[in-house]
Each structure stands twice: as C-alpha cells, then as structure tokens.
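Per TrEMBL, these features apply:
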type	residues	note
DOMAIN	44-98	domain 'P-type ATPase N-terminal'
TRANSMEM	71-89	transmembrane segment
DOMAIN	131-204	domain 'P-type ATPase A'
TRANSMEM	296-319	transmembrane segment
TRANSMEM	350-369	transmembrane segment
ACT_SITE	415	active site, 4-aspartylphosphate intermediate
BINDING	415, 416, 417, 513, 555, 578, 609, 689, 690, 691, 801, 807, 831, 832	ATP binding site
BINDING	415, 417, 828, 832	Mg(2+) binding site
DOMAIN	854-1106	domain 'P-type ATPase C-terminal'
TRANSMEM	918-938	transmembrane segment
TRANSMEM	968-990	transmembrane segment
TRANSMEM	1002-1024	transmembrane segment
TRANSMEM	1036-1060	transmembrane segment
TRANSMEM	1066-1091	transmembrane segment
REGION	1130-1153	region 'Disordered'
C-alpha cells in the first residue's frame, strides 16, 4: 500500500504544483543530511518503511475475507443457498443434513488456509524483526529491519543478506569493490562484483562515513533486476561532483555479501518498493483438466437436479387436481394455506424438492479431492528414487493442485544449460590463427603424451605466431569479470601467492569465464588478482605483468559480447573483446577468419560452447574519444541503456581476430534415456535455449532428441535472408504435409513416438518475425498457423537464441493452439521462470543457477532424469486415482438420490424422504468417503516397474481419456440402473407386505432402511471390485466402513436418544435384520446391481482389451512376476500404419543410432522383474555395416543392447 500512496502523492505534487518537464525520479539525502544552502531546495520525501508483507489475511479480516473467497466457489455457494432455503421454508429434511457437511468443508478449508497464512506471517515477522546495523551520528546502532528508512547508512558484514536495496558507498577492500551472490533473486549462485563511487570508496569507518555529504537522484522503483539509473552529487567543495550510478553500484535486497569483510551502503528502496518485492509475481491460479471436467459434470448434475424438481412439482399439481387427493379427510388444509397464491405454493414446493434431491451434487467431493491432492503429494516427496545424494535434496511439491496433470502432459519444454546439461564447464581447447591447443594433450594437432603446457607453446611455429599466441592468452586473462578467492590455510594465514605460484581459486558470475581462466592457467598464463584498478597476470616465465583496467564494457544478451580496455606497463592501450561468433565476426577487419570459423563450426557440431576473441589497439586520441563517449552515456539519467549500447557499438569495431575457445558442458546423467522414454510415451519434447544453433543441435543429438535419421528443417535467420519468411514457411509446410498428408494430426501424434521423422530448428529472431502481427499483405497473418502446423508434424523442435520472454511466448502459443494440449516447462535458472509460470505445469531443477526456478515452480526435482518417474509413474497413478474418485463420487450420489426421486411417485409427491435424516447426513461424510479416499491415495493398477520400463502405457490415459463424456455417461447410467434395481427390487419383493416372525408389518422407514443398506454395500463392493492393489489398509478401511455402518445403525435405532424430539428409526434396523426374506433380498439386490458391470468388464477385456488391461492380465497370470520370454511388445495393441512406416524406414541406409525394431523381454533373473532388449535375429545379417560404437546410441538407457 505504501507504494500506492507514494505514487498518488507524486502525481498530486506533479499536477498541483504545476511542475513542468517532470522526471520520474526521487532524491535521497544520505544520512538524512540537508544539502548545503543555495545548492537545491531541501524537500524531504516520504517513503514506505522496510516492512515486507507476503501474507493474505490479518487477524481482523480473516473470517470475512476467507468466507468470501470460499463462497465464490459454485458448489459452496449452492449448498449455502440450499441451507438457507431449509431454514426459511418448511422442507422435508432438516437443515442439519446440508448445513453439517457444508460447515465441515468450510471449516477444514479455512483451517488449512489459515495455517498457511500463519506460516507466511511467521516468515514475514522473522524477516521484519531481524537486526540490522545502521550508522547514526558516527556510531553503529542496531535496529529492527522494518524500522529502516530510505537514506539510512547501513553496515553489512560478510555472509549477511542485504536488508533493502542499497547503493554501495565503501567496502573493506581498498579498491572499493565487493562480491555478492544473487542466487535468491535471479538464480545465479556465482559471485558478482559491485563497485563504490571513486569519491566515497575511501570512507571505510563509521565516523568517516558519517561525514559524507551527498544526495542521490535515481529513478522511481521498478521491477527490472538488471536496470538502474541514477547519479550521486557529492558536496566536497562549493561545486558538487556528479558521478553516474548504475546496476553495478546497486546491492539488491535478498542478495548476500561474499568474500568481503564489510561494506557501508545507503538505503534507497525499502519494504515493498525493493526490486525483490516488486518481483513477487503473483502466480496465476493454475487449474487442472480434471478440475475443469468436474465443473462440467457438476453443471450437468445441476441441470438433472432442476429437471427432477420441476417434474415432481408439475406432477404434484397434476396429482392434487383431484380434490380427494389434494385434501383428504384426515389432512385438511388451514385457511392460510388455502388463501396462498398457487405460484407461491408451486415455488415453495419446487424449492422443497430441490432440497430433497440436492444430495446428487456431492459437496464432500471437493474436500475429498483437496485431501487426496494434499496427502498424495507426499508420495513424490517421500520417493527415495527421486532423492539426489550429491545435492542431498528430495523432490519438492509447491502446488499439490496439479498432481493429476502430470499424467496428461503432451508437450515438454526444456531448457538446455543446467537442465539437459550439468552446467559444469570444462576448458577443452583453444584455436589461435588456426593452431589448436589442448591443455596437457595436443599441440598443433600433434599428440604429446605427458607434455606440459610450457612445451606446447614453445613448440608453436614462428615468432609472429608466438606473439599472437601470447596476446590471445593475455586477452583471455584480462577480458573477464572473474574474482580471485584466496585460500585459507589451517592456521588462518592467507596465502595469495606461494613461491611465485597462485594457490587461490576463481569465482565468477559465469562458469564459462572460470573455465577459460583456468584453461589459460594450464597453458602457462595465470590471472593473479585485480588490485587498485590493476590486473596482474603471471606469464610463462613466472614474471608478473600489470595492466591498468580502464573500462569494462559489460556483457549483455543483446550484444552477446564483453570487452575490457586496459593499459599495459609499456603505455599501450588495448581493447580486448570476447563473445559469440555471430557478434564478433561481423566486427573483424583482419585475422585468419576462415580457419577460426571452420574450427568454431566443427566444435559447435560436437556440442562444445564456443567464444571468439579479438582485439584492437587504441592510440591516446582514440582512447580519449572513447572515454568521453562512455562518460556521457553513463551520466545520462534517461535512456542510459540505449546511449551505452550506442557507445559500445561505436567502440567495439575494427577488431583483429585472435582466435576462439571451446568449453564443454556435459550432458546430465540419463538425460538421453529420459527424453527417449518421453518420446515413447507420446510426449513431444522441445528444447528452448539461449545457446547458438550448432551447440544446441549437438546437445539434441547427444540427448537423443534428434536421431541420425531425423530430417532437420531449419527456420533460421540465415535461411530467411536467402528467401522470404513467407516462402520458407510454405516450403517447410509442404515438406511435412507431403509425408503425413494422408494422416490426421491425431494419428500422427500416436505414431510420433515410434518414428522420429522431422526435427525443426528455429532461432529467436525468426520466431519474433513469425509472432509479429501481420502488416505487409494478406499472407502474413497466418504465419503463426503455418508455424504451428509445421511444429505439430515434427517429433522434436529446437528453439535457439531465445530470450526468456520468447520462451514463455512459445509455451503460450502451443497452449492456445486448437488442440489445447497440456504443457510442461522445466528449467533451472531465473531465465526459465517466465516459461515455468506460463506452462500448465512448471518444474524447477535444483541446479547450479540458484533457486529462483524452484521457488516459482509447481514441482521441483534434483535432476532432469527424475522427470521420467515424475510423469510416467506418479503422474500416471495420480490421474488414474483422481479420475476414478470423481466418477465414483457422481455414481454413488446418483445411486443415493435416484431412489428418492422414484419414491415420490409412490407417496403422492409429498416430499416425504425415503431415508432417515442421520443416513442423509452421514452417507457422504462417514459411510462411503474413506474407502474412496484411500483408493485415491493407494491404488496401483499396474506395477511401478512396468510403468517405468514401458512408457507407451502413458498413451492409454492421454487427452483426459478416463474423464471423457462417454465414460461419464456410462457411470451415470450404471448409477441409475443400480438405483432402479435397489428401489424396485425392494418394492416388488415386499409387494405383499411382508410380516416379520412376530407378525409385525414392514413400514416405510424399514423399506427406506433396506434400500439404504443395499446402497451402502453395493457402492462399497463396486469400489472393491475396481481395486487392483490390495494392502491391509484397504481391507481395514473397506470392510471397516461397512461394519461401522451396521454398528451405527444398531446403536441409532437401538437406544432412545434424549436429544431427539421423535425417534422414527427406533428398533427399525434390528426388526429388518430379524427377517429372513430381508437378508435374502439384500444379497439378491447387491448381486443384481453389480452383475452387469462385471459382465461388461469381462467381455470388454476379452474382446477389446487396452494395452493396460493386457499387461494387467499377464501380470496376474504370472502372480506379479511377468515370466521369461513374455514379450512386452506382444501385449501392445497393434498401431495403425506402423508396418508401412517401418518398411520405408528399413529401405534407408542404416546409420549411427538408427532405432532398430526391438522386442523387450521380461525375465526372472532377479527377484524383481527385469527387462532385456533383443534385436531381432534377422537384422544381424544387416548389422555388419555398423560400427561397434553405433550400438551405444540404440539402447534406451537402463535396457541392455545385444
């Protein structure tokens, strides 16, 4: 709220005071000191305090606010209306029957939400009350974090988090720098360097800091973490000195001080105005497909309910048209009743029937589903197979509402670096003027066993080449933002250089930079330190060379390069630049470009990350011009980024190419196996990465996203430069549709896992052109449609050079396509957050890029390989369980309420209830709720190992197949049939008014109790028949709930309860059980109700079994151990068109990693079922053409290739 008021105040002051050329900025007085008289007007602005609020409720507004939120749910509001109707008019059932279940649901939900908010309050208080050190009148005082104000000078010590957004004034380091990790903000765990202003960096004691007389002008708070524009005016003499402030001076709340003893800084944004608070992205509520199906079914049942009430109301007035039936002699109407208008009477009767039949809408289903999701999520967290020993982390569930969505995924969008790969960089080689250097291994293509880096360089050709080599090595030692962390020895003495050699290690915001600096160290050039603006390196002669660091042109994702300007001890000024090949080659005017480009492309194809290095000598006049350009851009308060980009562009030109480097980022363990399994499961995998095309494509081949027989389609800038985008799109569209012209999209999606046909590669620039709204001509409007059509017919897509926002755009595009597929996004860094929030299901990986992705995700897993079990096992089980839960709830409520509807035809539509009030209230709460809750937590229709080994089973549940309308209608018809059997069975069996042994007749309550007893036993037995996985808990709950019903009925009718005004059930249950015919009829009616469903299942399983049912039958046959030589392939239903495709596949020349036709055998070599892949013997004759290593590509991870 503080932010809203401050915005309002600034607007009022802007327009009321009549200020012209108003700049959206604020002025901060450091230490709350007024500026010297005559410099500027002293206007003390008001800013919010440093309190952080993430909670939703307060003590006072919890009940009204929570009630409002809960009654916004249609089902809760509906039951509230029914409850109020029962209170207001004379209805056939007690208000308790709907009031009690509603109260139970509302209370449970309120307690859960209240507890979650209490935890948020607790976390807020812990943050707001933590102590901070503030400099006040030359002394350091402690105060609570929430009391911090804008303008306070704060002392922060090593390993402490910054309490608000601060501008660095000075640090314990002489050069005024400090090192910070921003893992909690942007996910990057590496160290970043921040700088103090030259004029304030010397003030490094509290008394000195207190003497600083300065003001800061900066922009109003905004959420961009990487953007900050401001300037500091320091009043040292009469004229203030103005210095620029940028993101390199701004320390953000939540970041942590590292490798620096202490710093002094001034607070500029506090509380909810800090960049961290402004980035609290309120997650939009994600709803699963199952929840949408539930709501659709609810509407259908609401229509059924209204139609039942209307039919009964109409029939009541038809019945009462005969005066003898309307007003029999024993039930005369009062005068008031006679005088009431017929419409009012009809409306009252309609409401009474609505109340009578309202149990068809299951209010308890919502609370059961909530409990099932909440408790079920623990199975993911407790899964030992998803525990990573290296990280010591388990899977985390942040949102339990989407468990079943894991079983419905059709598209997986994955990041590359840190998700498919380890984000653990290793320097592989460098190329200088076409000569290749591999540390300790190869020099100029010659294998040199045991060679040291020194020998390799000495053996390089010619003095000119040697000079270029040394310049290249120096460039890599100087062009970076790496810091040196000195290692502590046991006795606490720091050793920076020991006997002329470095014993320190490197830390940086980019793992690539550390790999390059370490690579140079292995090649003889060691970066030592940055001290007092001087960079020191140790050359191969063990001499220390010093370079003055004049400027750093920082890396950004648009330029894709970084530069430094340094002055050597000889006085020469150099600009060293390193960056992506696409951003360096166009700026190069000389050097061996062709040789270096060839090597870069070769390395990229092998999946290595490449960078090019170039330089430029600057004479004094050029440097002075460069300095002026940069200074002007840095001091600008408006459009500073744009001006800096223009300045960088002018400076980084006319470069001389030195060479290129190659760094390897290894593929994660079992990443290829996971992707192959997802393909078999019918899931399309897209890789979205910021990396260059060649590197990303190589990773895709290594991870089996692309196979060697995949035909690659390119939609890249290179291609659209040669042809227009329109022509390229239509050409690609014709290509894919020529192959799949005869197939529908659905057919192809079924086959896409069996045969990888087309792979598409698109880059960020082309994607922007595709996504741009059409302007030129009529054809440009349908680019998106054409692009989607191509993508749908490709089994894998690689999007490279992607900006974070483009990743989210791609996910949004697929989500909005006409099939509305379920999407999943998985990534490990802050750049993946946007796509994680956009996808239906977002999964964060606990990688090396911090926890930003994990915090914003719905689920978090330690490694990419765990995605396989997450989807194929957990997702499969969750979907099976909840789909049965939803259908079963509607089924048991139809069985429950339809006899009540039929009963009205036999009681003159008098709204007489068939069941007792206690039975009406407890049916959904006690008698039938626990068995289905347990089923929805424990059911395993197929063994877990089989689900993992055979991903194709995932297709059986794709596209919400178990909650489609035909299935829903079948369950509803089954419910209606069971209700008819129960009601009319009991009616005809007791048509001749059965007598008990003592001569008493059965009355209406006995009839209702008989129907209710058959009902409870039938729906419980139906669930028992559907259960495949039996444990002692199932037996205890299922049979226990039936015993509870019997015991309750005996107690309810066997005791005279003092709190009841009338006891119509007294002795009814015991009397019914004392009759032999009643026992017989109960058994007969239960059998008759269950028989059709059992017969239907048997016939269907025999004649048209699904893959799942085939495997269930085989598993039962072998008592849970599928025996030796039972081919899993033979248990699959044959896929249409597969033989034609396989034939065409075999005609092609087999190449490396071609997927052979395989049969998976189940063997009993171990106790648990094991699997082995056999290549059909007929192919062995053909296999002579394959190299041995080719077989490494054909296996599927844990399977064994023979």
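In case you wondered, yes, glycine gets a Cβ from its N, Cα and C as well.
Computed from a predicted structure; not experimentally measured.
In this model, the domain 'P-type ATPase A' (131-204) carries an average pLDDT of 85. For the transmembrane segment (350-369), same-chain residues at least 6 beyond its ends with a Cβ under 8 Å from one of its own Cβ atoms are 73, 75-76, 78-79, 82, 85-86, 89-93, 98, 101-102, 104-105, 108-109, 294, 298, 301-302, 304-306, 308-310, 312-313, 882, 885-886, 889-890, 893-894, 896-897, 900-901, 904, 911, 913, 920, 923-925, 929, 932-933, 936. Spatially close to residue 609 (ATP binding site) yet at least six residues away along the chain are 425, 512, 662, 663, 664, 665, 691, 695, judged by Cβ distances under 8 angstroms.
Here the Cα atom of residue 832 (Mg(2+) binding site) is found 19 Å from that of residue 555 (ATP binding site). Between the C-alpha atoms of residue 555 (ATP binding site) and residue 415 (active site, 4-aspartylphosphate intermediate), the distance comes to 21 Å. For residue 415 (active site, 4-aspartylphosphate intermediate), applying a Cβ distance below 8 Å and a minimum sequence separation of six or more within one chain yields 687, 688, 689, 807, 826, 827, 828, 829, 831, 832. When Cβ-Cβ distances below 8 Å are used as the criterion, the transmembrane segment (296-319) is approached by residues 74-75, 78, 325-326, 346, 349-350, 353-354, 357-358, 360-361, 886, 890, 893, 901, 904-905, 908-910, 968 of the same chain, each at least six residues removed from its ends. Other C-beta atoms found within 10 angstroms of the C-beta of residue 417 (ATP binding site) number 27, with every protein chain shown included. Across the domain 'P-type ATPase N-terminal' (44-98), DSSP helix (H, G, I), strand (E, B) and coil residues number 27 helix, 0 strand, 28 coil. Residue counts of the domain 'P-type ATPase A' (131-204) by helix, strand and coil are 7 helix, 35 strand, 32 coil (DSSP-based). Taking the Cβ of residue 555 (ATP binding site) as centre and 10 Å as the limit, one finds 17 other Cβ atoms among all the protein chains shown. For residue 801 (ATP binding site), the same-chain residues that are 6 or more apart in sequence and have a Cβ closer than 8 Å to its Cβ are 690, 691, 692, 693, 763, 764, 765.
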